[in-house]
Amino acid sequence: MANRPSQGDRVNSDHSDISLPTPSRAASHPPHKPSADDPSENLRLRGGDGSRGFAGEDENEVDDDEDGPPPHRGRRAAVTRTNIMTRNEFQPGAIVRVKLQNFVTYEKAKFSLGPNLNMVIGPNGTGKSSLICAICLGLGYPSSVLGRASAFGEFVKHGKDEAEIEIELQRKTVHDQNYIVGLCIKREDNSRKFTLNGSRATLKDIQSLMRSLRIQIDNLCQFLPQDKVAEFAGLSPVELLEKTLLAAAPPEMSNWQNELRENFRNQKEAQRSAEQSSEQLSKMESRQNVLQADVEKLRERREIQETIVKLEKVCLVARYHVARKQYAALKAQRRAAEGELKALQESSAPSLQAVNHKQEYQGQIQIVVDYRKSALRNAEAAAEEASGLVDAAESKLHELSTKINAENETFAAKRQELGRFRKRLTDMEAQYKQVPRQFDGADWNRRIREQEHLARDKKQEAKEVGEEVDKLFAKGKERSREKATVVQNMEALESAQGLLEVQLRKIGPDASKGWEWLKDNQDQFEKEVFGPPMLSCSVNDQRFSQLVQSQLGHNDFLCFTAQTKNDHKKLSDQFYNKMRITVTIRTCLTSYHSFQPPLPNAELRALGFDGYVTDFLEGPEPVLAMLCAEKRLHQSAVALRPLSDEQFDRVQEGEKISHFACGNKLHRIIRRREYGPTAVTTKSTPIQQGKFWTDQPIDAAEKAELARKFTELREEIAQYTQQWKQANARRMELVEEQKTIEAKVEQLKTEKNELQKEHNRWTALPDRIESEKRTVRQKAAELDEGRARQRELEQEKSQAILDKAKAVLGHQKRIMGVRAAYQALVEVQLLLIEAKSDVTVLKEKNSAIVQRLEEAKHNIAVVKRQLEETKNDAALALDAVKPHLGEEKDELLRLAEGRNPEDIEEDIRAEQAKLEVIQANNPQALEEFESWARRIDAEKASHEVQESRLADLNAKIEKVKSQWEPRLDELVGKINDAFGYNFEQISCAGEVGVHKDEDFDKWAIEIRVRFREGETLQRLDQHRQSGGERAVSTIFYLMSLQSMAQAPFRVVDEINQGMDPRNERMVHERMVEIACREHTSQYFLITPKLLSGLRYDERMRVHTIVSGEHVDDQGTEKMNLAMFAKIQRKVMGR
């Protein structure tokens, strides 16, 4: 019988107990009313064919499924279900029905489920877990929840394009009909489409419905698929608390937990901020206090500076007052001096009249002198201008001479150039008369192409021969490497290490490849990585070799040992991903010295042993530590002779040694404490002949085989060498031929190019001759233009000579004018000298009067000058004092009244002296002090806000905690009672508690269990307990949540795998007892096998899935459980 249904499988579990429809029909039957004396009523069994389970009863009550596809033969699947329940017993959100089409193993199936415990049983591979997959995917959850990373399209049955899932969920009381969730998965694009009650729905719509029904398939406390059982035991205590609250507590409990976590994080942040703020505030105040001394000095300096500024303003006001008084006094003095001058002038007028007349005559003569000086200057300027005209004419004449010389040189050059062009024209005309050799370009191209084709053929042939040469060379190199390997292996046969490596290549080719790579790449690792123990370890006493080897498995001899996790990861990537070899890699982080034997050697020898395995095994400590961790070699004893019965009994009773080898047998003692102190069994097996760590002679056959292979390889290498030489010689010959042809091609191209150039030059001569003629005509015209320019320049030079002569004559005339003006000036200057002499004689006669008048005028001038200076000083003083005559006007006037500037300046100097005495170490201290003050005020305000926020958070935490913690203690207390009771029923112990911490992120569920007498309670995790023990603990914990479950259904897949029969029976007993109580949530248990004689409850519903190639159309009759019950009753009645 095959493991999986084929493409034609059908499963349809409708309202029948057993259904095995063909692909074209599915059996669906109305409920049957049992009679009062029906002996099978307690089992509530019905046949899949509609019968009550007894032959001849209701055999014809079969409804055909008109919608099914046409029948055909193939593999069939049958689902057997017992115990029909009414739908009003379902809790809201419970699964009423699941319908599948083309999903994984099912082509078409329908499951009608019970409201309490649903047990789904059937052999492995029949599709039990597929039902769980359908529930998960159909309710909008990803495949990762199942512990699988499959794409959605992989859940479509092989050979089909799409799969359909339909799940009916029990409605809430406020709704009229159940919720029918549909899902269509398409293989091609991995897409999925949802429907809700027949209408299109989004994934968010389905997820919203799941949240409203409190369905949590991603919660391992509600939904524990087969691949997640180990993960449940691996949940951290914190995660387990979260899952437990979601599964067994009202929604507000999880909300409160999240609120406490968030508030605690905010509290820590606020507390940290408040502490930082307080610390910052203290630092800022300290920094401010350091500045206090300098601040006092700076404030005193500021007051003195303000006093100095005010005194300077007062000094300005005082200066203005003084200037005003001086100005008024000088005005009065000026008026008096002017009056004195006027009186003096009136009294001395007659005496000064003759002087005045003579002075007037002197003035008139002075006017004439000034006029004639001006005339002399004008004559001199005219003469200078005439001199400039002479210079300009001379310069122009020189310029024209230079141009004439340049034009003559240009004319001579152009005449020579014209001669050259005429000669070139004559040469071209002579060349054109000589007809060149005939040139046929097509013929030349044909000849060149023929040679190029020959060259390409030779090149291609040389390339092919070269490829053959390379292949022969590569084969020769490969054979040379093989020969070197053979030589190395032959040499290795001569050493012990070599023999081991040869042996390794035989029994572990992949390990040998890994070892060869590792020897060359040790530098890539953090610490040394060790190769197989068969190479790195040895037995120090050959008598114990077989005994030591009996403790190890095949992989133990061939594994690699890394000392760090990074090295383990790097080596795994190299071996598995890059080299694609299969080897075992192990890592042991524990020191070898930490592996201590259970008994001292003296006591061990008293029991008849010669020592522990580690006493006779030598090697690197990390390798030995790995073997101890894997095989407990430090606890395994060995003896050359068998133990006596007395010694054997003492070993069994001592409970220290459970694994040992003596004589030629390997013994293992198994103790089962759960069955009592006498439950001890010993397994003894003969010791097989060891393959490693033995003194072996050189394998003559191996050596002969290597010698034969060496000879073959040497002959092959010689053959390849000869072939390579011949092929290489042929290649060189072809290359030389190719070069000869290519040289001939180049020669043809050169000859063609020369003829073509000669032909092209001759054909181009007419155009060049015509162009040259145009150039000759152009150059002749340019020569004529040059002659014309020469004539023009000669004419300009003649005119320039005439202009220069005129300028020289004009300059001579201007010189004569200068001479006349100078003579006239000298005449009038003599008259001025006479007039001045007369004025001087008259003034000497009236000198006293004149002196008095001059003094009076001088006094007036002095007073006027002083008056102007005083006026300016007063204006400046007023401008300086105006900006300060605002609000301080009255105070400044009051302070300046009756004081002179000198006194005020003395006060300023005194204050400045004080200022120099008071000095601060930090000139910026005051500004820094005030800046710190502003920052301290801002920080205090921020600190108050933080303190207020912290107080609010503390209050919120206390409020929520006061609600959450008591209810959590109550919830965990109930779970602990149920969990402990469940363990008591199997003579074990277990407890559930809450780990409380200041940090609400660290609150956790702690599960501790004890499965053996004498042990203490240990925390449940993936390391301390066996797989069966974890399974028992897991199912008991889940059952402890049953009465408090908030979810409408819960699923456990193959949790009983790994349990011993006793535990499985007890677990089943508790599961039925708890899951079949009234008003509990729906429960699913998926298992491939069950023990006989298990407890049954009327509220259970058992679904049996049978699948295989030979389940035919009559499968429902053959799998009629009612018939099986009838047969059993007959057997029991005998």
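Note that Cβ sites are derived from N, Cα and C of the backbone, with glycine treated the same way.
Marked as region 'Disordered' by TrEMBL: 1-76 (among others).
Under the heading compositional bias 'Polar residues', TrEMBL lists 1-10 (among others).
Annotation comment: TrEMBL describes 56-68 as compositional bias 'Acidic residues'.
Among the features that TrEMBL reports, domain 'RecF/RecN/SMC N-terminal' is placed at 95-1087.
TrEMBL lists 265-286 (among others) with the feature region 'Disordered'. Long-range contacts of the region 'Disordered' (265-286) within its own chain (CB-CB distance under 8 A, at least 6 residues past either end) are made by residues 932, 935-936, 939-940, 942-943, 946-947, 949-950, 953-954, 957, 999, 1001.
Summarising the annotation, TrEMBL assigns compositional bias 'Polar residues' to 273-286 (among others).
As annotated by TrEMBL, coiled coil applies to 376-410 (among others). Tertiary proximity for the coiled coil (376-410) is limited to same-chain residues at least six positions away from its ends with a CB under 8 Å from its CB atoms, namely 786, 789-790, 793-794, 796-797, 800-801, 803-804, 807-808, 810-811, 813-815, 817-818, 820-822, 825.
Residues annotated as coiled coil in TrEMBL: 448-475 (among others). Residues 720, 723-724, 727-728, 730-731, 734-735, 737-738, 741-742, 744-745, 748-749, 752 of the same chain lie 6+ residues outside the coiled coil (448-475) yet bring a C-beta within less than 8 angstroms of a C-beta in it.
Residues or ranges marked as coiled coil in TrEMBL: 703-796 (among others).
Secondary structure of the region 'Disordered' (265-286) per DSSP, as helix, strand and coil residue counts: 22 helix, 0 strand, 0 coil.
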